[in-house]
Structure formats: structure tokens, C-alpha cells
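Here is what Swiss-Prot records for this protein:
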DOMAIN    11-89  domain 'RRM 1'
DOMAIN    99-175  domain 'RRM 2'
MOD_RES   Tyr140  phosphotyrosine
DOMAIN    191-268  domain 'RRM 3'
MOD_RES   Ser315  phosphoserine
MOD_RES   Lys361  N6,N6-dimethyllysine
CROSSLNK  Lys361  SUMO2 cross-link
MOD_RES   Tyr364  phosphotyrosine
MOD_RES   Arg426  omega-N-methylarginine
MOD_RES   Arg430  omega-N-methylarginine
MOD_RES   Arg449  omega-N-methylarginine
MOD_RES   Arg501  dimethylated arginine
MOD_RES   Arg513  omega-N-methylarginine
DOMAIN    537-614  domain 'PABC'
Amino acid sequence: MNPSTPSYPTASLYVGDLHPDVTEAMLYEKFSPAGPILSIRICRDLITSGSSNYAYVNFQHTKDAEHALDTMNFDVIKGKPVRIMWSQRDPSLRKSGVGNIFVKNLDKSINNKALYDTVSAFGNILSCNVVCDENGSKGYGFVHFETHEAAERAIKKMNGMLLNGRKVFVGQFKSRKEREAELGARAKEFPNVYIKNFGEDMDDERLKDLFGKFGPALSVKVMTDESGKSKGFGFVSFERHEDAQKAVDEMNGKELNGKQIYVGRAQKKVERQTELKRTFEQMKQDRITRYQVVNLYVKNLDDGIDDERLRKAFSPFGTITSAKVMMEGGRSKGFGFVCFSSPEEATKAVTEMNGRIVATKPLYVALAQRKEERQAYLTNEYMQRMASVRAVPNQRAPPSGYFMTAVPQTQNHAAYYPPSQIARLRPSPRWTAQGARPHPFQNKPSAIRPGAPRVPFSTMRPASSQVPRVMSTQRVANTSTQTVGPRPAAAAAAAATPAVRTVPRYKYAAGVRNPQQHRNAQPQVTMQQLAVHVQGQETLTASRLASAPPQKQKQMLGERLFPLIQAMHPTLAGKITGMLLEIDNSELLYMLESPESLRSKVDEAVAVLQAHQAKEATQKAVNSATGVPTV
């Protein structure tokens, strides 16, 4: 880089080609020796929050930024050389093309630094970039000089020179629109003609005789394979465009040796690919437009439904052009597509079939969306959800096992809930009676589903110190009443309350339990800690459990669960205990206190084990009958 000071008064540097794992701390450690840094920002993707592989480093002084640009450009950070240039905030200057040159036919070994070192002698460089893909250099690059004069010097000296044994082309940078306009202008004055579909018996001489009548030809070539046999196409280069145009007009579509030949303007590979891409996109758009309102997406299909059954289910609503159940490994993926002949038929099918039970499952039927449309919709929905979350500061989503109140409670004052309400709101275990894992939000209150408003932790379930204590003697004596009303200790305390106090009423809606309506109306009940006592073992309280290390907590609960389960199912006690220990600790504490709740969960676990054993027995019987060895 020339010692001349750049014309940019800013002290901000653009740092590109970063490794995805590079952090602001790494960049600070790298650039701080150059001088005081005001800020560093790695630009990130809005959706994934992943690095966009470039950053801005803002120095306090311009001379420090220039020193970093001179000494640190192309230094390696996490195995990748970084590309540094002045930050240009004005997009019109970045895209003007002034001082920007294009270099092509570069050797694969030429990287950003090698190209930078080669062209730095011609002037002050703002940016130097060799275009690469996953396979390395694509053989061309761009160099942006500070001045137009420096770019002209580079073009004059470098165009046609040998670089690593290859002759490079260096020219003024042109935008895509300019290049396409030039190609279009040249296409109208074409001298070269492309001929195809003339068979294998054609050679250069015969092709020259065939097209020589239209005018003088500079060259004629029939393309051949390794054995010298014609590939069925070739080229003729005329001296004048008029002769080439005449050959195309007269020969295109004529029959030659029983075949209809094609004669047209010879195109470069890039032109042909662009034209084919444009044609394909047009066909794709036409197909999308045609099927946009007649193609239906059907999901939640029963495993036994195939293409024929899907067609039969939807055939009463109109003419079906196609019906397809998506498969993977010979098994249904649970969704498919049905295409009707008219929008009216498709609309009627959506109205009638959405929610209808076919086989054993209710169907979901809607108009099919393209992948891009669906991704755009989901992205928009995600951004709206994130915006609503950011609008409520200092709030987090409650973890599984915490319950949200419909009305915020008075600070430091928690309401008392009967055990029956707690039991209904407790999280389900990770296994069910059918042996399937439930959805993470299955059976949860609607208030804590994804997308619902979030609340501070201060409004969550009451602290353990406020849960009424029930001694083991009371628990045994009042087993039959514990799941239908307040616990005896709380009931006795409430009975001793003066009659002038109003007993609070609760309103339970949508599975969400509410706090008491008025603080003054709450009975003055002294809450004590929940205690669980098992014969021959030390009393286990919630605070004692919480103070133990996480790995010790399950052990403490397991030691108290095992003897209780062993009394019910001596042979399966070990397996059942292991299954129950997957449940949340607060649920396990409640189960230790409530024999009914424990027995219910034990019965579910036994049902799961029996179903699993029956399945294994059936599989063994099938394997024995078919001669397949059992593992």
C-alpha cells in the first residue's frame, strides 16, 4: 500500500473473509496493538444469529486504522487470511465502478494476498478480492484502486502479462447490466453459426460444401469424439454477419438425411446457460401459476394410506390430475399432495376434508405452498414473535414444571392451591402409557405454549416454604380426601380463622390457576415446608432436596421411592423406580406424599413395561417363524 493517506476521514475498517467462529474478543485481541479501539461489531444473520463472516473495527484515530490496514491485511485468524479495507458507508461510491478493475484467467494458486502484492505497485488499493467457491479460486477477481488513474496504469501494464505461467486479462470493471447489454448488441451482429442434429456421417468438407453457398467461411468444424466419429453438431464462422444470418434463415428446420437440422447463432457457454436458466424459470413460474390454487397439501395421513386410497378419498370433490403420498424407505411420511383440475374443486375439497377422520386420523388439508413461500411465512412469523418478546423486557419463558398465574400476584405473597389443582397442572413424564414420548407442550396450560406472553418468575408457583406441611400420620388418615380439597392442616387453620374473613374464591380457566383476588381476603394460615417421611429413613424436605447436588437429588428420591414401589410390585420395583426418576423432582416429592398419585404413575409404568414385553414376545415369535435370528 502506498504511504499516501487515503481520502477517507473515517477510522473504521471493514474486515472480511472471517471464519464463522471468530468472535469480537478475538478481533479485539488482534487489532488492539495497533491503537485504541472504540468498538468492534461482527455482522450476523437476523434469523440464525450466525456470523456473516465480516466485521467492522472502529479505531479512535485514523492513523491507527491505517497502521492496522498496512500491517495486518491478510493475517490469518483461525486458519483463514482476513481481508481488510476502509469502510465505505456510501453505497453509491462502492458501486460506481470508478477505479475498479477486473482480472481473469488467474492461476488457481493466486489468492487475495498474491494478487494484492502484484497490483500494489500501481497505486493505493481500497479492496482486492479473488472470487472463490468451495473448490477454491474461480480464476478471476477484482481490484478497487483509490483513483481512476491508478486503475488505468494497472490495466495498461498488466493486461496480457504472464502471471504464474498464465496470460491474464485485465480490464475496466463492468456491471452485469452493462455486460448483458454488450452481449445483446454483439448477438445481433453474429458471424458464427451453430448446426446440430445432422447425424454421424457428416465431416468438415461436407459441412463446408453445404454452407459455402451463403458466403465465404473463415472456418468450419464438426465436433468429434475420441474415435473420430461425429457428435452430430458443428460450427461455421462466416466473414460477414449478413451471410451468417442468411444461412440461419434458409437452413434452420430443413431436413438432411431424414433428420431435421437446427441452425442458429452460436452462443458462448455463459449465454447459453443464462438463456436456458431464463427459459426454465419461465416454465417453472407458469407451472406454479397454473397449479397455485388447485394443488392441495394433506398431512396427518394414516400409515396405511397409499396413492390409490388418497385419490379415492378426494375423488368425490372433482377430477384429480394427480395424488401422491410421500414415501421414505417404502414407508409413508404421513403427508402427500392432491391436485385437482379446477380451483373450485380444490376449494370444495379443503372445506369438506379438513379435519375429517380418514382411517384413524383427522386430516389437515390446505393449499400447497412452495418451499420459498413457506420459508418466508415462517421467517415472518418468527420475527413477529421475537418482536413481541422484545417488547416485554426482563421476562423469560418459564421452564417445564413452572405454572403461570392469570393475574400477577402481590409481591412476596403467594396463594395456596389445593393439591387437586397442583396434580392437574403438573408436567407429564417423558413416557406415556402407550410408550410414546409426548410433545414438549402436550397437556400444558395454554398460557405457557410457544408464542404466549411470558411472565416474570415472581408470578410463578409458590415457594416451597409456603407449601403446607402434612405429617405422615395425617396423610394416611386422610388419604381419601386429599385429592378433592384443601389439605387437613390448611383446612383446620382456615376453620380457626374469624368468621368475618371472606374465603377467597378461585376462577380456573383454560387449565391456568389464578391467584387469590384480594390480599386482605386471604386466610392467615402459617405455611410450613413440605416434608416426606419414609419408615426407617431421614425426613426429606424440599429445601433439603434443593441443597443437595443434582446427581444426589435423584438418588435421595430413588431411595425413598423404591421401598414404596417394592411393596406394590416386588419383581418390577427396580425398573419402575428408574422410569419414575425421569419425572421432575417436584412431581416426585408430591408423589411421595400422595399414595394415589404414586399408584397411578406406577400403574402407568407397569402398563408400559407389559406392552413392551408383549411387543418383544411377538417379535421373537415372528423371527422364529421366519428363521430370522433374534438379537
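Note: Cβ is positioned from N, Cα and C throughout, glycine not excepted.
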Spatial neighbours of Lys361 (N6,N6-dimethyllysine) that are distant in sequence (at least 6 apart) but have CB under 8 A: Asn300, Leu301, Asp302
Residues in the domain 'RRM 1' (11-89) grouped by DSSP into helix, strand and remaining coil: 22 helix, 30 strand, 27 coil
Tyr364 (phosphotyrosine) versus Tyr140 (phosphotyrosine) - Cα distance in angstrom: 51
Tally of residues which DSSP labels helix, strand or coil - the domain 'RRM 2' (99-175): 22 helix, 32 strand, 23 coil
Cβ atoms near Tyr140 (phosphotyrosine) (within 10 Å, other residues, all chains): 15
Cα-to-Cα gap, the residue listed as 'phosphoserine' vs Tyr364 (phosphotyrosine), nearest whole Å: 17
Helix, strand and coil counts within the domain 'RRM 3' (191-268) (DSSP): 22 helix, 30 strand, 26 coil
Counts by DSSP class (helix H/G/I, strand E/B, coil) across the domain 'PABC' (537-614): 62 helix, 2 strand, 14 coil
Collapsed DSSP category at Lys361 (N6,N6-dimethyllysine): strand
Segment confidence, the domain 'RRM 3' (191-268), expressed as mean pLDDT: 90
